[in-house]
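Asks: I grabbed these lines from TrEMBL:
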DOMAIN    28-483  domain 'Major facilitator superfamily (MFS) profile'
TRANSMEM  20-38  transmembrane segment
TRANSMEM  84-103  transmembrane segment
TRANSMEM  115-136  transmembrane segment
TRANSMEM  142-171  transmembrane segment
TRANSMEM  183-202  transmembrane segment
TRANSMEM  208-229  transmembrane segment
TRANSMEM  297-315  transmembrane segment
TRANSMEM  335-352  transmembrane segment
TRANSMEM  359-379  transmembrane segment
TRANSMEM  385-405  transmembrane segment
TRANSMEM  425-447  transmembrane segment
TRANSMEM  459-479  transmembrane segment
Amino acid sequence: MRSSLAPGIRLITSFSRDSWYRGFTLFLTFLFYTSYHLSRKPISIIKSQLHRNCSTLIRPPNLNGTDNETWCDWVPFDQDNYKTLFGAVDNSFLVAYAIGMFFSGIFGERVPLRYYLTIGMLLSGLFTCLLGLGFYLNIHSIWYYAFFQAMNGLVQTTGWPAVVACVGNWFGKGKRGFIMGVWNSHTSVGNILGSLIAGVFVSSAWGMSFIVPGIIIASTGVLCFFFLVEKPEDIGCSPPQHHEDNEKEPLLQNSSSNEEIFSSPGQSNSISSEPAEEHTKAISFCGALRIPGVMEFSLCLLFAKLVSYTFLYWLPLYIANVAHFDPKEAGDMSTLFDVGGIVGGIVAGLVSDQTGGRASTCCVMLILAAPMLFLYNHIGQHSLATTIGMLLVCGALVNGPYALITTAVSADLGTHESLRGNSRALSTVTAIIDGTGSIGAALGPLLAGLISPTGWNNVFFMLITADILACLLLSRLVYKEVRGWCGHSPRHRGFKEI
């Protein structure tokens, strides 16, 4: 009898075969993209080690022929233009990433995702390790670090379109905002782990701050090759429902979690009322741009990602300079921004699911983020408690909209009803949105490197301006959503009325 089964076995057998594979795929893709971000973080942690305040350190007696003010710095970052050089190294990665992302989605629609992710993670591990070897080989050329950062940026473009496409293949729209909000915490988890791992070695042998993350991402690449299942149909599981009858059920309305998320959707009531057309040809770049809402969210993400990536690359150095923490403490403290980002992404997804307003949710968080950035710059370092609280709040408000756009919004648009069942658009749409955002990700650290010599206040004014522009770019979509709430038009998650 079933009642005689152990509670753990009853729990296991209560889930269907489809449910286990969906959960397993969600876990694997979470692990994969955690490793991507984990391998990006070390460069921001070691900056405060490459250029230090040598006057506070005891100079070794056997060190001769070195400037007394820069003896502890790593050439070529020992000069007054070190912030510009840091910006150049950051942008080698970010510019290559932004350019490569537009092509990555096109390849991702035409190459098996398992092979695509595996190759990307193995190559990223190689280039990350080569950056760390610069320490052991005593390499002091800016071109060495810039080149391998650029190569790493190119191969890292394999990650985001592929994992979003894979999750989109397995999950329908029922609670996509919440599920992807939780799932998207891999970005912050990766940043946190990358900071902590790099922080362990930064003061003793910063080369290991790169090599260990490089080994980790290469290992996950091997895991991907052996275990990733790209589509439920590949193993006989039921595909998810991507569209609903809009007259009966709003696109963002909650559905039964058992039916929509974890149980087999292969029953008659989960089949779309409109017959989906089978498309074997991947969508074109221009065709993806014509999907309603793609342009607005892409441009919004450009400015939102500018703010997020400026924090990603410059926050540890800012904390070290302003709050006078040592490199490890500054790196550890910066992880609080990512902890806040986890909460922000989940809250953004949950609220947008409940309200049906993706754009409105993003806009509200962006509006709140602007004054919080101003306050963090002026009072954020007054005490340890203030620093912790402000980093958590700023992380939630800055990364919440960024997380929502790159996950649930991208998946919604990539399975938009105007595509008429074309399942080969998700990777391209995701790449367009994230590629446009990556232009901002490249501009933010570059501008921070150019502006920071004039004072950190000016850097924060730049971030606040970008935040406001991101909000304004969503104004038309917010207006449409508000009209829908007031009864002027029906609400649609897929932006059909936009």
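For all residues, glycine too, the Cβ spot is worked out from N, Cα and C.
The structure displayed is predicted, hence computed values, not measured ones.
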Asks: Can you work out whether the transmembrane segment (142-171) touches the transmembrane segment (20-38), with the criterion being 3+ CB pairs under 8 Å where the paired residues are 6 or more apart along the chain?
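Replies: In contact, yes.
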Asks: Which whole number is the mean pLDDT over the domain 'Major facilitator superfamily (MFS) profile' (28-483)?
Replies: 82
Asks: What stretch in 84-103, 115-136, 359-379, 425-447, 459-479 has the biggest tally of Cβ pairs under 8 Å against the transmembrane segment (20-38)?
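Replies: Between the stretches 84-103, 115-136, 359-379, 425-447, 459-479, 115-136 has the largest tally.
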Asks: Would the transmembrane segment (385-405) count as touching the transmembrane segment (297-315), i.e. at least 3 C-beta pairs under 8 angstroms with sequence separation of 6+?
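Replies: In contact, yes.
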Asks: Find the member of 84-103, 183-202, 359-379, 385-405, 425-447 that has more C-beta pairs under 8 Å to the transmembrane segment (459-479) than any other listed stretch.
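Replies: Comparing 84-103, 183-202, 359-379, 385-405, 425-447: 359-379 has the most Cβ pairs near the transmembrane segment (459-479).
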Asks: Taking the transmembrane segment (425-447) as the reference, which of 84-103, 359-379, 385-405 gives the largest number of Cβ pairs under 8 angstroms?
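Replies: The listed stretch sharing the most Cβ pairs with the transmembrane segment (425-447) is 84-103.
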